[in-house]
């Protein structure tokens, strides 16, 4: 999969078939994610079409599927509710610009600073939010709606035992929609949620004033969309890398996601990113190349244009059923099993990430909370230093062996371990197993030395490693000058 | 007579017994190469647990290491191959596409619950592989 030709035409048959399967599975999700965000179904469908097609050309990971996603839709809810669609489109374009910057500045490598437990918390929180968004569509509307959603789920999980060729979500949607259409059941449908014009998307500049106020409104949303979009896309790319035993260009993928979002914003689509579930379906159905993403986008829009009048008949209960399945498969169930096995701090970080997201409804805030907490845990873990000492009674000389990382967080407590009042001729501070990192550590060292010297004890410092010595020399000079 | 043996391994006790039997068969013929195959079913879970593909691969190496150690000790030629997907179909596909002479597989694996719902891997392999299959109890 190295040359461009191979990435496009190395697997034509598999890519076309998988692309069709993905398109069929994309339709219910794109509609449901639009409804989560609070926009017309067409906004999500346009987004999935445009993003899939654009990413086929500019993405960094062949065989990955991108489109409108739940993670992004959840971030848009307040923007749509307060300011409306035009501001969402503007935010989508700004998201694209920020993502291109992310790619150009090659920031993908900094993703390693996001701990594993934060990633697990991210997907779990995403699953919970998707489920939560379905509650109004599921409950409080009588048993009929719950029954339809239950039947949808049953078909989704049981149909694969009959055939795996057709996506079971589509089969469920078709059966349930057919049932409600023929029996004339009066339930909420996609048509009740918004218009579904049977037209291709057209180029439009979002109708917002080009002012500082607009930027102030959309920037926080665009930033959150950028972070979440890149995070999910790079996670998905890594999963596809692993499934196919091939590599991918993460910075190119970030750039590609940006370009796709700019284009979708100008054509009336909402911001999107890579989709874990759809990419897994694509690879499992035999999709490997760029063609699979292109085919999925084109087939999706053709189906919508041809079958739009049937799509509006899809009951909301059936879509809610599909979303419950998406939420179940998004959740990392393994993390519950290992919750008590992994270090407690990791579990706490995961849970805090989840709780922050569920409370704020903002995935990016959860990620920041998780990273911050992990950093604090890490600092407190490595700030444990040990001090042992040995007394040479003949020479009245005590040697302190200091072991660990000396920095701002680790130097306040150990001072208490030194006995400055002891009757001694000489004190040796042995730093062989220590590293001095910052000015707080140097200042603390100074303090210890002066305290001993005030007491009339000579101090000798030994075993400082080269980096520590350099820092001490540089800082002692500066610190003593003020 | 068996030049190319596929040994399915997931690090379970059954897989270790299967390794021992595969070594006995391989000793009859100096030409034999044993291909140790491990099927990674859950790429998403593995990547999430390890953040990157390298970490995920390390975990898989650990899973086949009991088999590999036994093969090293017995001085049998071997190769290790990691497949992706559902264990049963993935092993069958690999066996049939690469002209293996024999597939050796444990009668049970790691996941009892999955076996109950989906049927056992060894059963699927015995039914669908085109070559000889040895199921180790």
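Including glycine, each Cβ sits where the backbone N, Cα and C put it.
TrEMBL does not curate its annotations; it predicts them automatically.
These come from TrEMBL:
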type     : residues  : note
DOMAIN   : A:387-482 : domain 'STAS'
TRANSMEM : A:16-37   : transmembrane segment
TRANSMEM : A:43-59   : transmembrane segment
TRANSMEM : A:87-105  : transmembrane segment
TRANSMEM : A:117-135 : transmembrane segment
TRANSMEM : A:141-159 : transmembrane segment
TRANSMEM : A:171-195 : transmembrane segment
TRANSMEM : A:215-237 : transmembrane segment
TRANSMEM : A:258-281 : transmembrane segment
TRANSMEM : A:293-326 : transmembrane segment
TRANSMEM : A:338-360 : transmembrane segment
TRANSMEM : A:366-387 : transmembrane segment
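Under DSSP, residues within the domain 'STAS' (A:387-482) fall into helix, strand and coil as 36 helix, 32 strand, 28 coil.
With pairs at least 6 apart in sequence, the transmembrane segment (A:87-105) and the transmembrane segment (A:215-237) have 3 or more Cβ pairs within the 8 Å limit; the two touch. At the 8 Å Cβ cutoff, the transmembrane segment (A:87-105) and the transmembrane segment (A:293-326) share fewer than 3 close pairs (sequence separation 6 or more) and do not count as touching. Averaged across the domain 'STAS' (A:387-482), pLDDT for the predicted model comes to 83. Below 8 A, the CB atoms of the transmembrane segment (A:16-37) and the transmembrane segment (A:338-360) form no more than two pairs separated by six or more positions in the chain, fewer than 3 in all. Contact counts against the transmembrane segment (A:171-195), taken as Cβ pairs under 8 Å, peak for A:141-159 among the stretches A:43-59, A:141-159, A:258-281, A:338-360.
Long-range neighbours of the transmembrane segment (A:338-360) within the same chain, counting only residues 6 or more positions beyond its ends whose Cβ lies under 8 Å from a Cβ of the stretch, are 115-118, 120-122, 124-126, 128-129, 132, 366-367, 369-370, 373-374, 377, 381.
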